[in-house]
Amino acid sequence: MTATSFQSAEATADKDGLIHGVSAQELQILGEQCIEAKGKAYCPYSLFRVGASLLLNSTITPAPNHWSDTYPLSHVLTGANIENAAYPVGTCAERVAMGTAVHLGHRIGSFKAVGVSTDIEEFCSPCGMCRQYLREFLSLETPIFMFNREGKFIVRTMGELLPLSFGPDVLPPREQLRKAQEEDKAKTA
Ligand code: THU
C-alpha cells in the first residue's frame, strides 16, 4: 500500500505544527488506521464503507479485563460500519470503534482524537446518533478528523459537532432528583 500524505483542506495547525494537540505523526497513524478499518466494513446494502479510528492518550491504560489477554493494547483502536439485512440494526463505524474501546476498559480521558474515512469526495461527518454516542466518552475539545477519499481532511471538535449537548456531566445525582420529585409531590398532595 502506498502511504497517503494527509492534507488539511483548511488552515488549522498551530505554530508547533499541532492540530488540536495532534502531531503530524499521530495524524498520519490516525488517517492510515481509519482507511485500513474502512477495508473491513460489512456494508453489502449501502456499499458505503466507513472506517473509524480512535487515537488513545498514551498515558491512559484501561482497566484490565478478559479482552486484554486476547488483544494487545495499542495506541489506536478502530471500527467499521456493520450493516444488517434488517437495515436499522446496522451499526456505524464510530460506534463500533468506541464500543470496542469502552469494552476494553477505556473511558472519558482515554481519547486524544478520532478519525473517520469514507470513499467519497465530501468530508463525511459522524451521524447524529454517533455524535451523541461519542459525546459520552470524549471531552468537548477532542478533535474529530474527517478524511475524504483522497486523504484530504477537515477537523472539528466534539463540541463543535454537537453544541449544547447532553452528557453524563449534565445529569444531577439521582438523590437530588428524587428529593426534588418528592417535594413536587408533597406540594400537589
Ligand atoms: N455510516 C457510518 O458508519 N458512520 C457515519 O457517520 C455515517 C453513516 C454508515 C452507516 C451505513 O452502514 C452506511 O454508512 C450508509 O449510511
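Easy rule for this one: first residue shown is 1, then count along the chain.
A Cβ is built for glycine as well, from the same backbone N, Cα and C atoms used for every other residue.
Some features that TrEMBL has for this protein:
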- 25-169: domain 'CMP/dCMP-type deaminase' (DOMAIN)
- N81, I82, E83, N84, A85, A86, Y87: substrate binding site (BINDING)
- C92, C127, C130: Zn(2+) binding site (BINDING)
- E94: active site, proton donor (ACT_SITE)
Cα proximity to N81 (substrate binding site), best match among recorded positions C92, E94, C127: C92
Residue among recorded positions E83, E94 with least C-beta crowding, 10 angstrom cut-off: E83
Counts by DSSP class (helix H/G/I, strand E/B, coil) across the domain 'CMP/dCMP-type deaminase' (25-169): 47 helix, 32 strand, 66 coil
Cβ neighbours within the same chain of C92 (Zn(2+) binding site) - under 8 Å, at least six residues apart: V50, A52, N81, P126, C127, M129, C130
Contacting binding-site residues for ligand 1, chosen from N81, N84, A85, A86, C127 when the Cβ sits under 6 angstroms of any of its atoms: N81, C127
All-chain count of other Cβ atoms within 10 Å of I82 (substrate binding site): 16
Sparsest-packed of the listed binding-site residues (N81, N84) - C-beta count within 10 angstroms: N84
